[in-house]
Amino acid sequence: MTNYFNTLSLRDKLTQLGKCRFMENGEFADGVSVLKGKKIVIVGCGAQGLNQGLNMRDSGLDISYALRDAAIKEKRQSYKNAKENNFTVGTYEELIPSADLVINLTPDKQHTSVVSTVMPLMKKGATLSYSHGFNIVEEGMQIREDLTVIMVAPKSPGSEVREEYKRGFGVPTLIAVHPENDPQGKGLAQAKAYAAGTGGHKAGVLESSFVAEVKSDLMGEQTILCGLLQTGSILSFNKMLEKGIDAGYASRLVQYGWETITEGLKLGGITNMMDRLSNPAKIRAFDLAEELKEIMRPLFQKHMDDIMSGHFSKTMMEDWANDDKNLLKWRAETGETAFEKTPAGDDTISEQEYYNNGVLMVAFVKSGVELAFETMTESGIIDESAYYESLHETPLIANTIARKKLFEMNRVISDTAEYGCYLFDHACKPLLDNFMKNIDTDVIGKHYGEGEDNGVDNGKLIAVNKALRGHPVEIVGTRLRESMTAMKPI
Ligand SMILES: NC(=O)C1=CN([C@@H]2O[C@H](COP(=O)(O)OP(=O)(O)OC[C@H]3O[C@@H](n4cnc5c(N)ncnc54)[C@H](OP(=O)(O)O)[C@@H]3O)[C@@H](O)[C@H]2O)C=CC1
Ligand SMILES: CC[C@](O)(C(C)=O)C(=O)O
Ligand SMILES: [Mg+2]
Ligand SMILES: [Mg+2]
């Protein structure tokens, strides 16, 4: 097999990268009806598998789980996930032959072996679905020509796919039909119904492509969503310790700070998050973010370039072949960091205090969201897709850090995302050495400008506000959030 993207002409690469149509709510008027009464079998009951299945069953769909023999025999967590939620569980041989839709929600590393095992059992004319384009695009998996191949990709960790659904909302979702596999022309209708079943249509659905999804998803997860939140957590915590801030307070400020400050981002964009700061703090955060963008831009561009060329995928697949040696080593090292090993103190920190004492964290979020958006759109990803993959998903990842720090984030995200997160973190921390040398507790750990006058230079404030509101991520975000009428605060 070869990288499908690299076999395309430049013209086709650009066409598939640029496939991104925001779907109007009215296009989902039929809800799940196309899949109603159909046998839907999910392979894998992990982060995405369990949570998508719960949502789809609650939406009235017939869901069961086909697990590998070992998972059933050893009653592994995946088996418990399904049984404890009263789903039918069976082997591939028992469930796949009668399935109308087979949803592959196993780790990307396993896709070639899983699909090779499951495909011969699938009935003629059935549909195979993915939630990430890696196997089709980066590995070039070839699917039986009578089968329809679709993708329904939530731009969210599995846990929040469920939490937002339970709030009566959903998560932004990319859907696609593999152009090489749509023999009956039913792919789009089935993908729409599946997306509606997960609640994705309430947040926003883009008619996209496997190529656009995989290239944007890898970029978002490696940089702003996981990589920079990991780097920012560790650097912010270590700086506060170095400067004598109480360790428990520092741990709480970081663990719950991302969730708090990015809730403002989710509801009102970067503009709202920055407006929660005092005038002096806003200007300070803006200047810090500009400095961070200048330092980190080459690294963001390297990640984008390595994803586009297939170099990232090749590097990660070499680790797969080496029994995940690096992934497991980096996972263990992360667990040994001071931030991970220091429990959050029982201090009471008000919502506003997270902003007042976390100016550096606000700067990390602003610089990371803007850089990821800019780098993706410069490389052919469309604004709406880049928005979902950078700004909107950041608070959803921050929710996982609030639960159980970086451990929970790296547990819930895919192994693919976790691997990319570590790559970025290892490269970014040394890049920020000099920047962090000039950081003090005024911007992390203490109330910025406390007791001082709120006065600032009008010209500077006007320029900052203009730059905030004029960034393309704010323009597209304002429009997309207008359709998120069911969005709820956490
Ligand atoms: N995690 C996330 O939030 C997101 C993930 N995705 C995509 O969703 C897909 C699933 O990812 P995710 O939910 O994180 O995966 P998880 O690692 O959470 O779950 C994987 C599931 O697959 C099973 N599994 C593992 N290895 C095999 C194998 N060789 N054969 C059969 N089953 C196997 C596991 O059960 P057991 O080991 O017990 O057999 C488990 O049930 C991936 O393509 C990912 O890129 C997309 C968006 C977000
Ligand atoms: C951000 C990581 C992710 O892409 C996701 C939750 O969307 C993943 O692969 O887990
Ligand atoms: Mg993702
Ligand atoms: Mg991903």
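Even glycines carry a Cβ here, placed using N, Cα and C.
TrEMBL entries are annotated by machine, without manual review.
Record features, source TrEMBL:
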DOMAIN    15-208  domain 'KARI N-terminal Rossmann'
BINDING   Cys45, Gly46, Ala47, Gln48, Arg68, Arg76, Ser78, Asp108, Lys109, Gln110, Gly158  NADP(+) binding site
ACT_SITE  His132  active site
DOMAIN    209-353  domain 'KARI C-terminal knotted'
BINDING   Asp217, Glu389, Glu393  Mg(2+) 2 binding site
BINDING   Asp217, Glu221  Mg(2+) 1 binding site
BINDING   Ser278, Ser414  substrate binding site
DOMAIN    354-487  domain 'KARI C-terminal knotted'
### Query
Within the chain of Lys109 (NADP(+) binding site), which residues six or more apart in sequence place their C-beta under 8 angstroms from its C-beta?
Trp320, Asp324, Asp415, Thr416
#### Entry: Minimum Cα separation from Cys45 (NADP(+) binding site), reported as the residue among recorded positions His132, Asp217, Glu221, Glu389, Glu393 that achieves it
His132
### Closest of Asp217, Glu389, Glu393 to Gly158 (NADP(+) binding site), Cα positions, binding-site residues only
Glu393
### Query
So around the Mg(2+) 2 site, Asp217, Glu389, Glu393 aside, which residues have their CB within 8 A of the centroid of those CB atoms?
Lys155, Ser216, Met219, Gly220, Glu221, Leu225, Tyr388, Ser390
### Task
Consider only the binding-site residues Cys45, Glu221, Glu393: which of them have a Cβ under 6 Å from an atom of ligand 1? Write none if no residue does.
Cys45
### Query
Considering only the recorded positions Ala47, Arg68, Ser78, His132, Glu221, Ser278, which fall within 10 Å of Glu389 (Mg(2+) 2 binding site) when distances are taken between Cα atoms?
Glu221
### Task
Mind looking up the mean pLDDT for the domain 'KARI C-terminal knotted' (354-487) in the predicted model?
97
### Query
Taking only the binding-site residues Arg68, Asp217, Glu221, Ser278, Glu389, Ser414, which have a CB closer than 6 angstroms to any atom that belongs to ligand 4?
Asp217, Glu221, Ser414
### Message
I'd like to know which of these binding-site residues, Ser78, Ser278, Ser414, is least surrounded, judged by other CB atoms within 10 A.
### Response
Ser278
### Task
Filter the binding-site residues Cys45, Ala47, Glu221, Glu389 down to those with CB closer than 6 A to an atom of ligand 2; keep them in sequence order.
Glu221
### Query
Those binding-site residues, Ser78, Asp217, Glu221, Glu389: which ones have a Cβ sitting under 6 Å from ligand 3?
Asp217, Glu221
### Task
May I ask which residues of the same chain, at least 6 positions away in sequence, place their Cβ under 8 angstroms from the Cβ of Arg68 (NADP(+) binding site)?
Tyr92
### Query
Given the binding-site residues Cys45, Ala47, which one is most crowded in terms of C-beta atoms within 10 angstroms?
Cys45
### Task
Can you tell me how spread out the NADP(+) site is, meaning the largest CA to CA distance among Cys45, Gly46, Ala47, Gln48, Arg68, Arg76, Ser78, Asp108, Lys109, Gln110, Gly158, in Å?
21
